[in-house]
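Structure first, commentary second.
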Number of protein chains: 2
Amino acid sequence: MNLSPLVQSFVLHFGEMGSRWGINRTVGQIYALLYVSEDALCAEEIVEMLGISRSNVSMSLRELQTWNLVLLRHKPGDRRDFFTTPSDVWAILRTLAEERKKREIDPTLSVLRDLILVEAGDEAERHAQARMAEMHGLIEQLVTWYDDVKTLDSDRLATLLALGAKVTRLLEAKDRLTRWPRRTDEGA
Amino acid sequence: MNLSPLVQSFVLHFGEMGSRWGINRTVGQIYALLYVSEDALCAEEIVEMLGISRSNVSMSLRELQTWNLVLLRHKPGDRRDFFTTPSDVWAILRTLAEERKKREIDPTLSVLRDLILVEAGDEAERHAQARMAEMHGLIEQLVTWYDDVKTLDSDRLATLLALGAKVTRLLEAKDRLTRWPRRTDEGA
DNA sequence: TAGTCATTTCGGAAATTTCTGAAATGACGG
DNA sequence: CCGTCATTTCAGAAATTTCCGAAATGACTA
């Protein structure tokens with residue numbers, strides 16, 4: 001691996017993390033490398049820097065593309081593909097959330113919906129369905145929240161995060177206000 | 001696999017999902033089975049229902065225990081261990097979040113912190129550090145939010161989820177109110 | 001059309017993970 | 001102590017995933 005120690009540590013850590021998620025070590029390493037590189041890199045550069053085969057790079061980049069995590073760039077008079085990551089970390093977060101939802105949450109919701117509708121044969125099945133319904137309900141709440149929140153621009157999202165739990169106190173405060181005869185703002 | 005079709009579908013789906021996360025198929029299946037079962041199950045029952053080896057069950061249950069995802073139960077006059085999952089899905093969500101944070105987020109934050117402090121040797125390293133700092137900042141915001149929100153009881157958490165993006169509108173409304181000379185509530 | 005360059009595909013090798021059966025451990029009651 | 005029962009450990013088998021090199025594909029130029 002032909003990298004400065006600083007970048008190498010970062011890349012290796014992401015390799016580890018990659019395997020702890022679904023994505024594999026190489027994919028994680030390539031992503032990390034692209035993320036910290038100032039300029040877009042071509043496949044051959046990645047081969048040299050990470051010391052892995054050309055084909056592995058090709059397949060891993062393809063994988064990253066299916067996740068929408070890398071951008072393809074071209075330079076005039078050069079027919080190689082160059083790769084980068086989006087520079088806005090909030091945008092990256094959105095993409096990651098969206099893709100993970102698509103791969104992990106949506107299929108589960110779909111299975112749960114289907115199974116809850118099956119006619120239960122006995123008490124055990126009825127209980128199982130009740131449990132599935134609880135899980136389904138929880139996930140739906142989370143997804144509803146997510147679908148709502150993802151419409152916010154990054155600034156507002158940051159504001160919302162900064163508020164955190166104070167939101168509920170705020171809500172209760174506002175509740176007290178708006179319940180009063182004197183209306184001070186339009187209800188939301 | 002010796003299960004009703006309903007439960008079997010659920011169990012198989014979680015097996016699939018399990019491998020898509022870090023946990024493996026068997027661990028996912030066992031968790032799913034425990035989750036939908038009315039009563040706690042002993043290892044031998046799991047062996048029969050899932051058609052896997054006793055040792056595999058033992059190791060997978062141990063794995064689930066390190067995740068705090070299963071509860072150990074005992075019946076009087078029986079020295080076998082029985083296993084269940086917590087019944088409150090919100091509690092399960094908390095545990096899952098906490099464990100994933102511990103395994104995936106905290107180590108990453110720690111690595112980032114360390115690397116950001118290294119003296120950069122050249123422009124490339126300086127740029128890499130800037131990127132790492134951006135990532136670190138984002139993750140810290142998320143963690144701060146999480147640490148705050150996890151203190152909420154389930155009802156309030158549900159309320160907060162239900163509010164979603166409306167929070168920011170609410171905030172702006174409150175902002176307008178509290179900025180006015182006439183103070184209508186104590187600032188939060 | 002031939003030659004070059006970049007990328008992709010793919011069979012199978014290599015590495016890793018998962019899983020099993022057998023043996024070890026441990027706890028309890030007689 | 002010994003026998004029984006439940007669990008755990010562990011070496012290696014089995015399965016899966018990852019990875020490579022060679023060949024194929026495709027696109028552009030001379």
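Heads up, the Cβ atoms here are built off N, Cα and C, so glycines get one too.
Curation plays no part in TrEMBL annotations; they are all automatic predictions.
The shown structure was predicted, so the numbers you read here are calculated from the model rather than taken from an experiment.
TrEMBL lists B:22-80 with the feature domain 'HTH marR-type'.
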Task: Count the residues of the domain 'HTH marR-type' (B:22-80) that DSSP assigns to helix (H, G, I), to strand (E, B) and to coil, and report the three numbers in that order.
output: 33 helix, 5 strand, 21 coil
Message: Restricting to the domain 'HTH marR-type' (B:22-80), what is the model's mean pLDDT?
response: 96
